[in-house]
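I have placed the structure first, in the form of structure tokens, so that the comments after it can refer back to it.
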Amino acid sequence: MVVEEDSRLINLQHKYNPTMPEVVEELKRIWDISFPVAAMSILNYLKNMTSVVCMGRLGSLELAGGALAIGFTNITGYSVLSGLATGMEPLCGQAIGSKNPSLASLTLKRTIFLLLLASLPISLLWLNLAPLMLMLRQQHDITRVASLYCSFSLPDLLANSFLHPLRIYLRCKGTTWPLMWCTLVSVLLHLPITAFFTFYISLGVPGVAVSSFLTNFISLSLLLCYIYLENNNNDKTTSKSLCLDTPLMLYGSRDSGENDVWSTLVKFAVPSCIAVCLEWWWYEFMTVLAGYLPEPKVALAAAAIVIQTTSLMYTIPTALSAAVSTRVSNELGAGRPEKAKTAATVAVGAAVAVSVFGLVGTTVGREAWGKVFTADKVVLELTAAVIPVIGACELANCPQTISCGILRGSARPGIGAKINFYAFYVVGAPVAVVLAFVWGLGFMGLCYGLLGAQLACAISILTVVYNTDWNKESLKAHDLVGKNVISPNVDQIIVKCEEGLH
């Protein structure tokens, strides 16, 4: 029987239930990948907080202009690069699982090239921030500061175009501890570098932008050194982990299949980018709406605290999502659908546990947490009221974030993009507007809109994951990256059916 007919045989596979030792072993593997990634995310969070604090030390104008620039660069640049880079996860992870390192290396290099191409229009947009903001009637002095920050941040696009793919490549190999150590060293150097450029040589806000680039450049340099040393060590024992000396091969021959990598990479990168941007932009949308509420200063201050809170809480779900994406893609590439299902099940269970801790933590610490950011009593009262709602959002956000990782690992990012659009803009946005402005709930209404979006997203995406046919996904992975392996269980079924036909 041919491969096209394999899908008819999948239902013959017996139901697989993992044993407790298998669950514990999978939990250890997910922990080993996710812990360094979570630590790296927290370190980057501290790096960003350091930059904001330094801008605050410069003055209120610099803080306002810097905040505007950071929001603009996140929306138009960093979210796009991050989203495009995640498109390499299914290709790279499944290629590594199927023992196809040349495809993984080629995917890495082409993703870097794709991000460099995307940086060109982003750079033009950043250079034209001033006329755009003035057209939107933003204050001239704030626009001037924001424009300076964006101009000096242009080199950071180059650094991120290499950093994002390299991090994903190493994570797909399960090599996450070097990522954490490289990030730790660069973040420890970030404070003295920022102090030197911002205050010692009096560059001001441009100094903050330059410092962020230098910190990322240091992290990139350390990662490249690690890869170089690892390749030298592997040269003496096994094959290289990354073929740095192979050409980029932007276009392959007609029969080589190299061009298929380009089309497949773009097919995954675009919906991955859309999925990331749709969720990322919703928080900016909520901030904009807060500015139109009856007490905009209070609402905007509370919105800033909420965004900082969600950013911090998001580190653990993001790490779990990255870990399960790696595990699912590796196991599907290796032709082990039952192991991929186990990884997905264990990760969702861990997500539920983490979300409960998030809800308890925000509820218990809702009053103390606000005091970290402000002493304004009105802002503190509003923050204490909405933080438990944000904690309730985490009950849905954590499982849906992990489920997005499962979809990425099984090469289905398009489904996540569609669900994010439906949940955040068809459900969440209208609910937020009606509750905040029509029913008069104010900023609390916006937070309830976020809760509605997260619930809709979680229910939809968990339904998709629950109904996943893992044997079918394994066959798809074989068609995508594998010429070496196929699911042994399905292969046995095919042989038995062929014998029956004779």
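The backbone N, Cα and C atoms fix where each Cβ goes, glycine too.
Computed from a predicted structure; not experimentally measured.
For 30-50 (among others), the entry in Swiss-Prot reads transmembrane segment, with the evidence type sequence analysis. The list of residues near the transmembrane segment (30-50) in space but at least 6 beyond its ends in sequence, with Cβ under 8 angstroms from a Cβ of it, reads 70, 171, 174, 176-177, 179-180, 183-184, 187, 190-191, 194, 212, 215, 311-312, 314-316, 318-320, 322-324, 326-327, 343, 346-347, 350.
Residues or ranges marked as transmembrane segment in Swiss-Prot: 61-81 (among others).
What Swiss-Prot records for 112-132 (among others) is transmembrane segment.
Same-chain residues lying 6+ beyond the ends of the transmembrane segment (145-165) with a Cβ under 8 Å from its Cβ atoms: 61-62, 64-66, 68-70, 72-73, 77-78, 81-82, 85, 88, 108, 111-112, 115-116, 118-119, 122-123, 126-127, 129-130, 133, 205-206, 208-210, 212-213, 216-217, 219-220, 223. Under the heading transmembrane segment, Swiss-Prot lists 145-165 (among others), citing sequence analysis as support.
Sequence annotations record features per position, and here Swiss-Prot assigns transmembrane segment to 185-205 (among others). Same-chain neighbours of the transmembrane segment (185-205): 43-44, 46-47, 50-51, 54-55, 57-58, 62, 65-66, 69, 145, 148-149, 211-212, 214-216, 218-219, 222, counting only residues six or more beyond its ends whose CB sits under 8 Å from a CB of the stretch.
Annotation comment: Swiss-Prot describes 207-227 (among others) as transmembrane segment, evidence class sequence analysis.
Annotated transmembrane segment per Swiss-Prot: 261-283 (among others), in sequence order, evidence recorded as sequence analysis.
For 298-318 (among others), the entry in Swiss-Prot reads transmembrane segment.
Residues annotated as transmembrane segment in Swiss-Prot, with sequence analysis given as evidence: 344-364 (among others).
Sequence-distant contacts of the transmembrane segment (378-398) (same chain, six or more residues past either end, CB-CB distance under 8 Å): 295, 298-299, 301-302, 305-306, 309-310, 313-314, 316-317, 320, 351-352, 354-356, 358-363, 366-367, 369-371, 443-444, 447-448, 450-451, 454-455, 457-459. If you look up Swiss-Prot, you'll see 378-398 (among others) marked as transmembrane segment.
Below 8 angstroms of C-beta separation, residues 274-275, 278-279, 282, 285-286, 289, 292-293, 445-446, 448-450, 452-454, 456-457, 460-461, 464 of the same chain, each at least six residues beyond the ends of the transmembrane segment (419-439), sit close to that stretch. Residues or ranges marked as transmembrane segment in Swiss-Prot (evidence: sequence analysis): 419-439 (among others).
Outside the transmembrane segment (447-467) by six or more residues, the chain places 282, 286, 306, 344, 348, 386, 389-390, 392-393, 396-397, 399-400, 403-404, 406-407, 412, 415-416, 419-420, 422-424, 427-433, 435-436, 441 with a CB less than 8 A from a CB of the stretch. The transmembrane segment annotation in Swiss-Prot covers 447-467 (among others).
261-283 is the stretch from 207-227, 261-283, 298-318, 344-364 with the greatest number of Cβ pairs below 8 Å to the transmembrane segment (61-81). Non-local neighbours of the transmembrane segment (298-318) in the same chain are 34, 37-38, 41-42, 45, 283, 286-287, 290-291, 351, 354-355, 358, 362, 369-370, 373-374, 376, 378-379, 382-383, 386-387, 390, 393-394, 397-398, 401-402, 442-443, 446-447; each lies 6+ residues outside the stretch with a CB under 8 Å from one of its CB atoms.
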